[in-house]
Amino acid sequence: MAEKSIASIDRDESVKYIERAIKTFKKNKPMDLEKFWQSALAEIELQISRPNFVTWFRNSRLIEKQDGNALIALPNNFSKEWIENRYYKTILKALRNLDESTKKIDFIVVPQNQTNSIKNDIIKKRQEDTSQLSFSEFKVDPETNLNQRYDLNSFIVGKSNELAFAATQSIIQEVGTKYNPLFIYGGVGLGKTHLIQATGNAIKNLYRGKVRVKYVSSEKFTNDVIWAIRNKRMETIKEKYRLIDVLMIDDIQFIGGKTATEEEFFHTFNALYEHNKQIIISSDRAPKFIPTLEERLRSRFEGGMIADIGYPDYELRCAIIKSKTQEKQIDIDDETINTIASKVQKNIRELEGVINKIIFYQSRNNEESISSIVNKVIEETTQKPIKSININQIIKIVAEYYEISPIDILNRSRKKEIAESRQITMYLLRDLLKLSYPYIGRKLGKRDHTTAIYAYEKIAKELQKNPNLNQKIMAIKELIEKDGGDS
Ligand code: ADP
Ligand code: MG
């Protein structure tokens, strides 16, 4: 087994780290507000869930601390209210741990761009900052190929991505020696590119250019190789890639089967690896499922750390909606957040699409309330009809997923896996094709309509509380969509 879990080690390490930080801090006077706040945050982080922490605290700043009163700046009214109502005590406790004289906390709203200026004591320059900030959203650094829009602060962590996230955190601290290579895999739109680019940006900033980082899509890598072969300039490519300290290749599944590219990648990989250079790879599936990947590359990948990114659960979806709407400074109530999170489940890209559309509609028609727009938008975005998919295809795909034969689903076997696959098939036939229960029962081994109702309801209910089942259904739906799209 190449997969190892690191979450437990990390937690212990981070507790120790925080304890050390607090000790050092207590010794260090005079008081540096930013350091003080960072130490407090480190404690708060241990008290609340990671998604909540990231969502609510990452843009917070301590801007004043005098006579036992602390003043905390938050980017908008929404987060101010939220934090005041839910985290007041947690914050107070964390501040008191660091400084017993803390009595009271006040909060003020300072939009993001202004907080930065306060920090630098140049409040007057606000307006110039705003335009620069939005411009940098799309900036790609020509040296690293990294887009600055991706940063770790905006990456929300939940159960489905915490292992991958933790692995990148360790790498940032110990480039090249800890998890090498790091192989991150997961379905479309689940945050692979965001996470690896953000990791690259963090390394670049942390080591201030001393560590050379390069991000390439596997397409770009392939093009480089092809160009070099055509122009008989293999040396150039060798030099170019082997001078790198951290190489990130996105969507590696695309190089599988391209012999020359794989060959060159293999050599580049070895050259970097032998020199303890960090390699981070992303893919839409685990190495063992990239059919055309050469064995030697596969075993190299499996020799490192493999972490998957799964489908976001309900909690993470809520946290992401909160974070994205907060970023865009729109006010959105809890109920609306819940509606979006329960209906938009496919991936994070789709979730973002829905949010952007809501913002767009609202900007066109300010009168309309967000809650009235939401349902319309969700329907438009998520109800893409699955093209020409029929019952048999669904049965076939479920069977493939469970590695059983379609006949098993139709037969009467009560084996646990087979029974589950059958119920899921019934659920999907109802959910996707809206078929009637009697029809579903008849088609699946001449069963009674009550069996189909039972199966549908059982799965629908179970989905609310069982993340594993949720992952399975999302994966199957993705396969169905691919199949339907292709045919
Ligand atoms: P992938 O590379 O896996 O297809 P991306 O990294 O392109 O997915 O993510 C799709 C979109 O969703 C991006 O806009 C990204 O910023 C956003 N996103 C993905 N995961 C997260 C997350 N955990 N927190 C915040 N935004 C996310
Ligand atoms: Mg990607």
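Each Cβ is built from the backbone N, Cα and C atoms, and glycine gets one as well.
Features reported for this protein in TrEMBL:
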| type | residues | note |
| --- | --- | --- |
| BINDING | Gly189, Gly191, Lys192, Thr193 | ATP binding site |
| DOMAIN | 178-313 | domain 'AAA+ ATPase' |
| DOMAIN | 390-459 | domain 'Chromosomal replication initiator DnaA C-terminal' |
| REGION | 1-130 | region 'Domain I, interacts with DnaA modulators' |
| REGION | 363-487 | region 'Domain IV, binds dsDNA' |
Within 8 Å of the centroid of the Cβ atoms of Gly189, Gly191, Lys192, Thr193, which other residues of that chain place their own Cβ, given that this set defines the recorded ATP site?
Gly186, Val188, Leu190, His194, Leu195, Ser282, Ile309, Ile348, Arg349
Please identify which of Lys192, Thr193 has the densest Cβ environment, defined as other Cβ atoms within 10 Å, among these binding-site residues.
Lys192
For ligand 2, list the binding-site residues among Gly189, Gly191, Lys192, Thr193 whose CB atom is within a distance below 6 Å of it, in sequence order.
Lys192, Thr193
Which same-chain residues, if any, lie at least 6 apart from Gly191 (ATP binding site) yet have Cβ under 8 Å of it:
Phe155, Asn161, Ile309, Ile348
Tally of helix, strand and coil residues over the region 'Domain IV, binds dsDNA' (363-487) according to DSSP?
94 helix, 0 strand, 31 coil
Nonlocal residues around Gly189 (ATP binding site), in sequence order (Cβ under 8 Å, 6 or more apart):
Lys346, Asn347, Ile348, Arg349, Glu350
Should Thr193 (ATP binding site) be counted as helix, strand, or coil on the basis of DSSP?
helix
Let me know the model's mean pLDDT on the domain 'AAA+ ATPase' (178-313).
89
Tally of residues which DSSP labels helix, strand or coil - the domain 'AAA+ ATPase' (178-313):
68 helix, 26 strand, 42 coil
